[in-house]
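For reference, Swiss-Prot has these:
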type	residues	note
ACT_SITE	Arg390	active site
ACT_SITE	His391	active site, tele-phosphohistidine intermediate
ACT_SITE	His576	active site
DOMAIN	27-76	domain 'UBA'
DOMAIN	254-319	domain 'SH3'
MOD_RES	Ser20	phosphoserine
MOD_RES	Thr23	phosphothreonine
REGION	380-649	region 'Protein tyrosine phosphatase'
Amino acid sequence: MAQYGHPSPLGMAAREELYSKVTPRRNRQQRPGTIKHGSALDVLLSMGFPRARAQKALASTGGRSVQAACDWLFSHVGDPFLDDPLPREYVLYLRPTGPLAQKLSDFWQQSKQICGKNKAHNIFPHITLCQFFMCEDSKVDALGEALQTTVSRWKCKFSAPLPLELYTSSNFIGLFVKEDSAEVLKKFAADFAAEAASKTEVHVEPHKKQLHVTLAYHFQASHLPTLEKLAQNIDVKLGCDWVATIFSRDIRFANHETLQVIYPYTPQNDDELELVPGDFIFMSPMEQTSTSEGWIYGTSLTTGCSGLLPENYITKADECSTWIFHGSYSILNTSSSNSLTFGDGVLERRPYEDQGLGETTPLTIICQPMQPLRVNSQPGPQKRCLFVCRHGERMDVVFGKYWLSQCFDAKGRYIRTNLNMPHSLPQRSGGFRDYEKDAPITVFGCMQARLVGEALLESNTIIDHVYCSPSLRCVQTAHNILKGLQQENHLKIRVEPGLFEWTKWVAGSTLPAWIPPSELAAANLSVDTTYRPHIPISKLVVSESYDTYISRSFQVTKEIISECKSKGNNILIVAHASSLEACTCQLQGLSPQNSKDFVQMVRKIPYLGFCSCEELGETGIWQLTDPPILPLTHGPTGGFNWRETLLQE
């Protein structure tokens with residue numbers, strides 16, 4: 001069970017001040033469409049729940065029912081913030097229903113399937129009418145009344161259908177509301193803001209920018225033609241009713257990453273979090289600095305408890321997956337709507353067992369639902385592919401910093417003391433102490449690499465050239481991939497120092513003393529002893545800047561591609577976790593991430609993490625594509641999904 005904190009005296013005082021304002025509500029007749037749970041509150045109070053907790057439970061479940069509120073309260077019994085007076089954040093959106101909504105849903109599905117996820121996929125199709133604003137739990141009823149009152153005043157003043165125009169730019173596609181209708185909607189939003197302030201004392205800031213439905217943004221430049229064509233297929237004149245809808249979210253997690261649990265987990269230690277499939281986890285990158293590889297620190301939506309959890313038990317979820325639906329009103333039709341027709345209904349917060357998790361949540365991290373790409377199975381001109389792969393499991397990580405003392409005697413002779421240690425190690429001219437900065441891979445690391453090679457063979461993928469970092473772990477991984485491909489006697493590995501990882505990560509004031517290619521070949525590793533590197537070891541410097549590392553990786557990758565042109569289509573680079581990003585980002589015409597985001601991304605790439613980059617014709621522009629093999633997941637290390645990790649949203 002995770003450890004919990006206690007509210008501070010200041011927080012307790014704020015809570016008392018906030019809830020001192022709560023006054024008994026008079027009974028009112030229920031009206032269709034109102035966002036109201038007075039009778040539910042009375043029932044909860046009669047059951048003995050404190051007023052503040054009952055109001056928080058109703059606000060956190062959208063006032064759906066007494067049972068839902070009770071379930072929320074019981075599941076949050078260990079939540080250290082259960083009695084925190086911090087209110088939720090609310091937002092007012094226009095959402096489409098009817099034939100146009102279905103067309104937009106089709107666009108969402110097709111664009112994600114063809115081009116991968118972009119920022120627009122984080123939220124359902126909508127028009128933003130205001131910024132997020134806070135509202136006390138005790139005033140949510142009045143907020144709903146404010147919306148109903150405003151809609152009733154404006155219902156006959158909107159154009160039907162709402163006129164929309166398609167707009168595209170290099171990194172944005174959307175449907176914009178024509179100016180006259182947009183002005184009417186802005187006045188409607190301003191009227192709601194005034195009504196809400198009058199009834200609830202909240203401050204609502206109407207949306208000041210052009211009103212629009214975002215279709216796509218923050219996507220790869222190469223995807224623009226495809227996305228534009230899909231957007232042009234949307235008939236904006238289709239029948240559509242628009243509903244003014246209120247959603248809320250927990251303000252504490254507004255800037256967190258939203259994840260969803262796909263496998264159950266029972267805690268083994270006091271600081272670990274229990275996982276239930278279907279639950280959502282909030283994760284802040286700022287809280288991950290001290291976590292072990294393969295683990296993250298997060299907070300459960302269902303319980304409010306925080307703790308450590310294995311990274312490969314969860315998958316990314318849309319930002320809006322945890323939002324709460326509070327109610328909606330049609331702005332065009334005379335009937336009110338309390339149900340949403342778009343999407344899979346998760347925003348209505350049905351219990352997890354009713355959401356059809358097996359149908360709505362693809363297990364993208366553990367097992368990607370795709371057909372292997374058969375790179376050389378199609379007739380005609382072949383596209384050029386660059387495969388980048390991380391090395392296998394390394395000895396110093398498995399057996400610790402002082403692993404040498406476990407398997408070398410006083411005379412420097414290697415002695416195998418564990419089944420996961422290799423039978424023998426290559427001789428080093430500088431002595432066995434050179435292994436401290438240049439560790440080999442384990443027996444399991446060799447197996448991982450052979451598995452990848454065998455998978456490439458089964459998918460009919462032909463590798464024409466192999467390059468690798470000078471680190472022994474990378475050379476051994478490349479050699480074992482070739483063994484799995486049954487090419488160890490036909491292909492030679494070109495050891496390229498320019499592919500070494502960011503030298504800032506090397507401990508001490510000197511670079512590793514790598515084994516020369518001639519000695520690697522003498523140790524029966526398939527190394528090309530005649531290869532002349534593009535960036536020799538003498539050009540590498542200790543503690544290089546991030547910009548220098550990124551530039552070096554891009555430069556050597558371009559030179560490798562140029563060197564292999566007309567000599568085969570497919571290049572394999574075996575290097576480090578950072579290489580999957582550093583060697584492919586600028587090839588796609590993208591700007592490098594900042595160093596902080598880069599480091600966070602690298603943490604997510606497991607041993608033998610594998611990505612595929614394909615040239616678009618002969619344009620010199622490359623794009624990430626589905627690899628020809630399935631991902632490899634092992635231990636607590638997070639499974640690797642290239643779309644989620646490498647694609648810049």
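Just so it is clear, glycine is given a Cβ too, placed from its N, Cα and C backbone atoms.
Counting only same-chain residues six or more apart in sequence, the Cβ atoms lying under 8 angstroms from the Cβ of His576 (active site) belong to Arg390, His391, Ser469, Ser471, Cys474, Leu499, Phe500, Glu501. Residues of the domain 'SH3' (254-319) grouped by DSSP class, helix first, strand second and coil last, total 7 helix, 26 strand, 33 coil. Of the listed active-site residues, namely Arg390, His391, the sparsest Cβ surroundings within 10 Å are found at Arg390.
In the three-state DSSP scheme, His391 (active site, tele-phosphohistidine intermediate) falls into the coil class.
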